[in-house]
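*Asks:* Here you go, one structure.
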Amino acid sequence: MSGHNVWTHKGTFLLAAVGSAVGLGNLWRFPYLTGENGGGAFILIYALTIFAVGIPIFIAETMLGRTSRQSPIMGMRHLTKTHKTSRAWESIGWLGAAAAFLILSFYSVIAGWALHYTWLMLTGSLVGADATTISAGFDALLASPGLMTLYHTLFIAFSALIVGLGIHKGIESGLRIMMPALFAILIVVLIYGVINGDVGAAANFLFTFNIADLSLEGWLQAMGQSFFTLSLGMGAIMAYGAYMSSEASLTRTAIAVAFVDTAIAMVAGLAIFSLVFGAGLETDQGPGLMFVTLPLAFADMPFGALVGGVFFILVLGAAISSSISLIEPVAAFLVERFDMTRPQAVTIMVVAAWAMGLLTVVSFNVWAEGTIFHALFERSAFEFIELLTNIFMPLGGLMIALFAGWALTQSEVMKELGTNITWFKTWRLLVRFVGPAAVSFVFLRTIPQVEGYVVPTLGALLIVGVFALSQRLRKSA
Ligand code: PFF
């Protein structure tokens, strides 16, 4: 498409993609999942999936954005026409938009908790507090719909402001300040952890690979986490890819993003567990690891209020650079399709996601039980929304891999990949078979907990169907 925006600098895509990838997934979710799933063994599977499945799909998703130079929905429509494939593939764009909308709705609420803790830390409210006081404080936050709504509103409004300013003035300059600051702060927290915590115990916990520690469930969670952490399958990377310079290498960029994202998760894990072990706390705290256990560690340390405040600012920065990548694909679609101005498009997306987020807010208090979601799905509205995104995410990744590997005209794919034949063939093998097989496995194994055997059977049929369709639509290379 002519006249489409391109990032000002060749390297900005890398910055933006790293901003999207590094977020609550690295700093909050990765450490607690690792803590719950036996440390090193979890990390091993996570890292293997990132490199064998995540990177090839990341390349595919960026490629779809860059060749179409449009938002995910319009871009997929364009590609189905130019590559003469079924319009059904357009569903990749719609699925991504739906997932981005749903993730934004709860991501903003959780990020709001970080805002609360930034405030508590910087005002010194938790200095010297004991475990009971801190966990009661967390419970009190969850019990207050008003407070949670306030933080949720502030967080989402700030994200909207950045995207509303446009990709150059808003996203690019925001990231250029935020990302380096983020790295610097993380290093400060790590150094602090090394000096005051127990880095030896943390390293031992994170890097001792004992595969027997890992349950099948943990194995699946490790694969799921590698998708979430790279922002795959949701259109975010495709939307950013649309602004990517034609000269930048897809492969090198994908490897760089995966490398930085993994490194940040590891450093965060090392810093967090150094503090946790140093303070003699438990590793398997679950989602409370960051919001309960860490403030407890900070409460007990010299200069803990300052280091804790700085740490939660880091969490906020990482969450904002991810949430803007959730707004962008939908906002860009509204601009392209309905000729809206950018601020109008962003407002529509954000107001809708904000309202949806209220469902997550009340899931922790007034609607914690006895709602229609509990009656129908045996879970709260928040857990239901999270479940939906857990289905959409691998499904989107699977379809992107199949579309890029089978449906696209392979000679053009090779041109985009701009690389040698050996790597092209390896990549194609990965997206045609390895990625889809791994994703189907995760997908089928996540769902049985919900609906017995009906849903996995339907899922298997769906996957076989998509696969058969892609075979039929296959073009010769
Ligand atoms: N990758 C982000 C994280 O690890 O926190 C979460 C995320 C952002 C997922 C953007 C999906 C997305 F499109």
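Keep in mind that glycine also has a Cβ here, set from the backbone N, Cα and C atoms.
Quick caveat, the model's predicted, so the values are computed rather than measured.
Look at TrEMBL and you will find 12-30, 42-64, 92-115, 149-167, 179-207, 219-243, 255-281, 301-334, 346-367, 387-408, 429-447, 453-470 tagged as transmembrane segment.
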*Asks:* What parts of the chain pack near the transmembrane segment (149-167), using Cβ distances under 8 Å and only residues at least 6 beyond its ends?
*Replies:* 5, 7, 104, 108-109, 111-113, 115-116, 174, 243, 316, 319-320, 323-324, 327-328, 331, 342-343, 346-347, 350, 353-354, 357-358, 360-361
*Asks:* Determine which recorded stretch among 92-115, 179-207, 255-281, 301-334, 387-408 has the most C-beta pairs below 8 angstroms with the transmembrane segment (219-243).
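*Replies:* The listed stretch sharing the most Cβ pairs with the transmembrane segment (219-243) is 387-408.
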*Asks:* Does the transmembrane segment (387-408) come close to the transmembrane segment (346-367), meaning at least 3 CB pairs under 8 Å for residues 6 or more apart?
*Replies:* no
*Asks:* Which of 12-30, 42-64, 179-207, 255-281 has the most Cβ pairs closer than 8 Å to the transmembrane segment (301-334)?
*Replies:* 12-30
*Asks:* Which one, 42-64, 92-115, 179-207, 255-281, 387-408, has the most C-beta pairs under 8 Å toward the transmembrane segment (12-30)?
*Replies:* 255-281
*Asks:* Taking 92-115, 179-207, 255-281 as candidates, which has the most Cβ pairs under 8 Å with the transmembrane segment (42-64)?
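*Replies:* Against the transmembrane segment (42-64), the leading stretch is 255-281.
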*Asks:* Near the transmembrane segment (255-281), which residues from the same chain, at least 6 beyond its ends, have a CB less than 8 A from one of its CBs?
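*Replies:* Same-chain residues near the transmembrane segment (255-281) but 6 or more away: 14, 17-18, 21-22, 25-27, 30-31, 34-35, 43, 47, 50-51, 54-55, 58, 183, 186-187, 189-190, 192-194, 196-199, 201-203, 205-206, 229-230, 289-290, 293-294, 296-298, 300-301.
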